[in-house]
Structure formats: structure tokens, C-alpha cells
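Per TrEMBL, domain 'Protein kinase' is recorded for 5-275. Positions annotated as domain 'EF-hand' by TrEMBL: 319-354, 355-387, 388-423, 428-462.
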Amino acid sequence: MSEFIIKKELFISDTNGDIRSNYDLSDKPLGTDKTTGEKRAVKVIKKAKIKNFKRFHNEIYALKTLDHPHIIKLYEIYKDEENIYLVQELCTGGELFDYIVEQEFLTEEISAKIFQQIMQSIMYCHKNRIAHRDLKPENFMLKSKDGELCVKLIDFGLSCSFMSFGSTGSEKLKRMTTKAGTLFFMAPEVINHSYSSKCDVWSAGVILYIMLCGYPPFASEDDTETIDLIQQGEIEFDDDAWGEISDEAKDLLSQMLSSEKTRLSSKKCLSHPWIKKYANAKTKGKILDTQIARLREFQHNSKFKKVILSYLSTRVNDDDIKQEKELFASIDQNNDGYITVKELQEVTKDTLSEAEIKNILLSVDLDKNGAINYSEFIAATMNEMITKDASKMKSAFNFFDRDSNGTIDKHDLKEILKKNDGDEIDEQLINYIDEVVDECDLNGDGKIDYKEFYRCMSTKPS
């Protein structure tokens with residue numbers, strides 16, 4: 001049996017053609033998927049106005065590869081003669097900046113919940129060796145104005161990998177030197193052109209300061225004076241605005257808005273006593289019997305069904321997977337955006353044997369990085385009602401039918417899966433695709449029509 005690495009970015013199509021063939025753009029800046037009726041945010045970028053293509057490609061790389069519940073999703077890219085269209089997850093709650101302005105300042109409880117999500121997204125970026133470098137309230141979107149507050153990190157145009165490789169191929173962390181970001185949120189070492197990923201922790205500290213009191217810690221109408229204030233780094237907690245704010249909050253801010261050497265890491269910020277006190281620090285997740293059953297079932301699904309479920313996991317709306325999303329966060333006790341064997345054991349040890357847990361992880365870990373990431377977990381646990389939704393099934397079929405001829409064949413799958421290794425088609429991939437098609441090609445014509453596709457997705461493993 002052939003194995004193959006399945007990554008989220010395989011399912012982000014990059015199409016040279018008219019976006020209007022698949023999306024109704026009459027309600028700009030929204031786009032409506034003509035197959036599913038779902039609303040998406042469509043970011044239109046004029047090619048002539050792209051001044052720095054490296055930055056643009058950095059943003060696309062980050063959006064394609066990062067996979068986290070508090071980072072905005074990129075679904076598709078379209079290119080015509082004049083524009084590039086980024087089809088992204090729709091957030092209807094507006095910018096965090098506007099939310100803060102409306103409220104004037106936020107309570108410690110609300111601030112802590114938002115801040116925890118901000119730091120979880122940052123810690124995940126840092127684990128993947130990406131620094132955002134432009135954190136500010138305008139670059140966090142509220143998923144909606146209703147229900148639980150959920151923020152999404154956006155705009156990776158200034159993001160940068162801080163990893164390099166030595167002559168032996170070993171990983172090295174490099175210092176960044178480009179002055180990047182927005183001045184009010186810029187760390188002193190960024191101004192001095194030599195910094196690490198801790199620049200993001202400083203920026204997050206400025207955001208937290210603003211959430212709690214309504215104004216920035218280092219600000220002047222004159223940029224030169226603002227730079228002086230940042231470099232001095234003297235934080236003020238005057239009684240008028242800060243008299244009723246807890247000592248724990250002030251302690252956290254003091255350790256975030258400090259010199260790079262003494263500044264907390266994103267990981268340590270999340271374990272600070274203030275977070276535990278005010279953000280309703282998460283308890284160990286309780287996994288339901290139905291979700292354990294889905295994890296067990298996923299092991300035995302066909303290769304084809306696993307690929308389709310992986311695709312659907314990148315497209316599903318948060319409202320449809322609220323329970324699964326909360327469970328992922330509660331199992332991921334160290335907040336790094338991945339579920340390990342140890343973390344899975346903590347919530348299933350009374351139900352599953354150690355050997356079965358390891359087998360589940362091996363099966364669900366489709367990108368073979370040794371842990372379960374967010375989309376993999378959703379693919380393995382999401383409610384089967386999603387796979388019975390006719391519009392979602394038709395949308396998935398259309399995605400894999402690359403030449404739009406009404407069937408999915410080996411050529412279609414090669415077009416999608418070869419992205420793992422550029423344009424090279426190796427023997428392992430050929431064998432994998434052969435097996436995928438053979439599993440669902442019921443009439444033996446070398447193709448999967450929609451009837452065969454739907455039957456394959458509806459059939460439970462024996």
C-alpha cells in the first residue's frame with residue numbers, strides 16, 4: 001500500500017481565469033460561491049500596484065501553509081490580466097480595532113479571552129518559524145458579532161521566516177533586520193534593525209495595553225518622539241485608567257514590554273497567571289463517544305475518502321464544527337496548534353489502548369509531521385451531516401474534476417497532488433493515485449463519476 005503526504009495547501013487552487021465563473025461578485029467585497037451559496041471575502045489586488053513581489057509571495061506562502069483556528073483561511077486564488085483575487089474566510093464582526101473603539105476599553109475577562117486567542121495564533125506562527133511583524137488591532141478580525149468572541153489573524157504581507165539552514169542542513173534561527181511594522185506597535189529592536197520573533201510579543205503587549213485602557217503605551221504626534229518613548233520602554237500605569245486593573249495584568253505587560261532579552265516568549269505568555277485567572281483557562285477536553293467512533297472509523301476509510309475529507313476540512317465553516325473546534329483547543333494543552341500522542345492519551349486513556357491511540361495518530365496525521373494539526377483533526381471528527389450536504393459534495397467533486405468533464409480521473413488527481421513536489425511525478429505518487437482511483441471506480445472505466453464519488457463518500461468502512 002502506497003503512502004502519500006497530504007497537506008492543506010494542496011487544496012488551495014491557483015487558477016488563471018475569470019473568478020466570475022465560480023463566484024458572484026455583485027455584492028463586493030463579498031463573493032458568493034455559485035455551487036454552495038456560501039459567502040466568502042474576496043480581496044482584489046491590482047497587479048500594477050504590487051511594488052514588492054517578495055512580500056506578496058510571503059503572504060501567500062503563510063496563508064497556504066499555516067493551519068490554525070485563529071488564522072484566516074485562504075480558499076482559492078484567481079488571476080486575470082489586471083488583478084489577483086484572494087478568496088478568503090468571511091469575518092463579519094469587523095476589525096478588533098473598531099471593537100475596541102466602540103467599547104472604549106475592555107474588561108479584563110474579555111481582554112484575556114481575546115488576548116489568549118491572539119497569543120495562540122502567534123505561538124503557532126513561531127512554532128512554524130514565521131514572524132508576523134505587523135501585529136495590531138487592525139490585523140485581527142472578529143469572526144462575527146454574535147456568540148463567543150473569536151478573532152482571526154490576517155495580513156501576512158510583512159511576515160518573514162526566521163529560519164535558515166547551515167552548511168550541514170541543520171536548522172538555524174536567524175536575526176531579522178528589515179524595519180517592518182506599524183510604529184506604535186514596533187519593538188525597540190526592530191527600530192534598531194536586529195530582532196527575533198519576540199518582536200511579535202512586544203506588539204501583542206501593546207495591543208493588550210490598549211484593550212485594557214483604551215490608549216497606546218508609547219505614542220506621540222511626532223514620530224521621532226514616539227521612537228524615543230519606545231526605546232526608553234518606560235510603561236506607565238496611572239491611577240485614573242489603571243487603578244482597578246489587576247496586578248497580574250500589569251505584571252504580564254511589564255514582562256512583554258521589556259527588553260528583548262528579558263521579554264517573555266509567546267509560550268510563556270500563555271501560561272502567565274493572568275491568563276489562567278481571567279481567560280477561563282481551559283480544562284482537559286472531554287471527548288465524546290461519537291468523536292472517538294469517528295477517529296476509529298477514519299483509520300479504516302479509503303484513501304480517496306480521506307483525501308476528500310481533508311479537502312472538506314479546509315472549507316467547512318466554523319459554525320458547523322463548533323464542538324470539534326472547542327475540543328481541539330481543549331486537547332491541545334500546550335497551545336502549540338498540534339495534538340500529540342501524549343495529549344490524545346490524556347482524553348482517551350479510559351477508552352482507547354495506547355496502541356490504538358498511536359494507530360489513530362498515524363492514520364489522521366496525513367502530512368506525516370508526527371502530530372495532528374487543526375484541519376486533520378476536523379477531517380477525522382467532523383459530523384457526517386457535512387458529507388451528506390449535497391452542495392458541499394458537489395463543490396468537492398468540482399474541485400477534484402480539474403478539467404470539468406464530469407469525472408475525476410488519474411490526470412485530475414495528479415494535477416492536485418503533484419504540488420507536493422513541484423511538477424515531478426514520482427513512482428510513489430503514481431501508485432498512490434492508482435490505488436485512490438481503483439477504490440471508487442466501480443465500473444472499471446478508470447474514472448470516478450459523481451454517482452461513484454457520492455457512494456464512496458457515503459459508504460462506512462467495514
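Positions of Cβ are set from backbone N, Cα and C atoms, glycine also.
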Local confidence of the prediction over the domain 'EF-hand' (319-354), expressed as mean pLDDT: 91
The domain 'EF-hand' (319-354) versus listed stretches 5-275, 388-423, 428-462: most Cβ pairs under 8 Å: 5-275
Candidate ranges 355-387, 388-423, 428-462 - greatest C-beta contact count to the domain 'Protein kinase' (5-275) (under 8 angstroms): 388-423
Folded-back contacts onto the domain 'EF-hand' (355-387), same chain, C-beta under 8 angstroms, at least six residues removed: 3, 5-8, 67-69, 291, 294-296, 298-299, 306, 309-310, 312-314, 316, 320-321, 324-325, 327-328, 337-341, 344-345, 348, 393, 457-458
